[in-house]
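Trainee: Supplied in structure tokens, the structure appears directly below.
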Amino acid sequence: MKNASTVSEDTASNQEPTLHRGLHNRHIQLIALGGAIGTGLFLGIGPAIQMAGPAVLLGYGVAGIIAFLIMRQLGEMVVEEPVSGSFAHFAYKYWGPFAGFLSGWNYWVMFVLVGMAELTAAGIYMQYWFPDVPTWIWAAAFFIIINAVNLVNVRLYGETEFWFALIKVLAIIGMIGFGLWLLFSGHGGEKASIDNLWRYGGFFATGWNGLILSLAVIMFSFGGLELIGITAAEARDPEKSIPKAVNQVVYRILLFYIGSLVVLLALYPWVEVKSNSSPFVMIFHNLDSNVVASALNFVILVASLSVYNSGVYSNSRMLFGLSVQGNAPKFLTRVSRRGVPINSLMLSGAITSLVVLINYLLPQKAFGLLMALVVATLLLNWIMICLAHLRFRAAMRRQGRETQFKALLYPFGNYLCIAFLGMILLLMCTMDDMRLSAILLPVWIVFLFMAFKTLRRK
């Protein structure tokens, strides 16, 4: 099997279609923001608040630090080798064929599940306006629209995601500003007060146990940041754009998440936040700001579609990279004249379309089930990034090479992140809603190992 960079060169020399470097720095930053700011913030935050109370703010801070360390590790590798397949390429090259096979297919499955979760959430948001229309109809409609956009070319995808993400970012800034105005102008109602952060049982209202358990749900909110690595093969000037994206994206995510949460928890008592709807829409609806609530619901809908849009992009590129490595069927390397990995895109879409059936059969449980499965696969992906980076740095040291964009706290940071992610996985085993996904993870790894061995024998 050839590595990704070698095959890319061979393909180019034969003048066959390859992935186009059509993404600028602004695209990359907002693609990563678009992949992370979505249902995890607007819908998934409800269960986290119920578990941790106001201390959920601390939970997001801790998870954000871990996410930043891992993204710096990924960023260091990507700047040195900006190839298709991202961390699956590095796992393959520096750990071995099975590590690349495991990383790539696990990431692909994760973003298929993310896509299903976001389409499910989009259907839930649409029920705010059309309560009688089932979620599966909306999931099917948005599935068709987003995949059609991605079939055109990477530049159109980048522009679409840029505007999707920009709408989200501006809306979050506006929501924080409007919330602060409501809070300090007296227009936020009788319940609005900064005292809400400690009035109902204190800041650690559910104790340290509640805070620690909430981390399993909080991790869902940070999934998608690794899209920075996926964009590398189509980034213009990756040596400059990737470091900027890595450094700025995590800061902005933390600002948006923690800023939004402070406003949310101050405007409304955390004990009244529900887990089955968007807390943000609920608060403005209860404040009789129906116009604002509808506008915010529209933004939240865009947020979900944005994350799914990012997932369609990343999944097709990951499959392309797997095929280049020899870890997926060769027909998936086919690239259209416009630079779109067409067969990879179509296969990913075909599997994601099962979300329509899931929402039809399990309309009330679909989102919770999908979120738990996403968290389990996300933990494995990030652990593989940390492990691949350890081998990458060892290889650089043997070659006497100095990297341009160094990860922080190496190697202690790698082991810290692995221990943290392992702790989250153990916590999931104690939670009724997440236990199944944690148990299925080792089964999934064994299945992939057997599939890998079978393919190698053939």
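Yeah, the Cβs are placed from backbone N, Cα and C, and that goes for glycine too.
Remember, predicted model here, so these are calculated numbers, not experimental data.
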Trainee: Taking the topology from Swiss-Prot, would Phe130 and Leu322 be on the same side of the membrane?
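Mentor: Going by what Swiss-Prot records, Leu322 is on the opposite face of the membrane from Phe130.
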Trainee: Given the transmembrane segment (412-432), which of the listed stretches 133-153, 197-217, 342-362 has the most Cβ pairs that are under 8 Å apart from it?
Mentor: 197-217
Trainee: Over the span of the topological domain 'Cytoplasmic' (389-411), count residues by DSSP class, listing helix, strand and coil in order.
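Mentor: Output for the topological domain 'Cytoplasmic' (389-411) reads 11 helix, 0 strand, 12 coil.
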Trainee: Can you see whether the transmembrane segment (161-181) and the transmembrane segment (251-271) are touching - at least 3 CB pairs under 8 angstroms, only pairs 6 or more apart in sequence?
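Mentor: Yes, the transmembrane segment (161-181) and the transmembrane segment (251-271) are in contact.
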Trainee: Excluding the flanking five residues on each side, which residues at least 6 beyond the ends of the transmembrane segment (368-388) place their CB within less than 8 Å of a CB in that stretch?
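Mentor: Same-chain contacts beyond the ends: 39, 44, 70, 73-74, 77, 87, 90-91, 94-95, 99, 102-103, 106-107, 109-110, 113-114, 116-117, 120, 216-217, 219-220, 222-223, 226, 358, 362, 414-415, 417-418, 421-422, 424-425, 428, 433-434, 436-438, 440-441, 444-445.
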Trainee: Is it the case that the transmembrane segment (133-153) and the transmembrane segment (106-126) have 3 or more CB pairs under 8 Å, with pairs at least 6 apart in sequence?
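Mentor: Contact between the transmembrane segment (106-126) and the transmembrane segment (133-153): present, because at least 3 Cβ pairs are under 8 Å.
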Trainee: Would you list the DSSP helix, strand and coil counts for the residues of the topological domain 'Periplasmic' (127-132)?
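Mentor: Reading the DSSP string over the topological domain 'Periplasmic' (127-132) gives 0 helix, 0 strand, 6 coil.
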Trainee: Just give the helix, strand and coil counts over the topological domain 'Periplasmic' (363-367), going by DSSP.
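Mentor: Tallied per class, the topological domain 'Periplasmic' (363-367) gives 2 helix, 0 strand, 3 coil.
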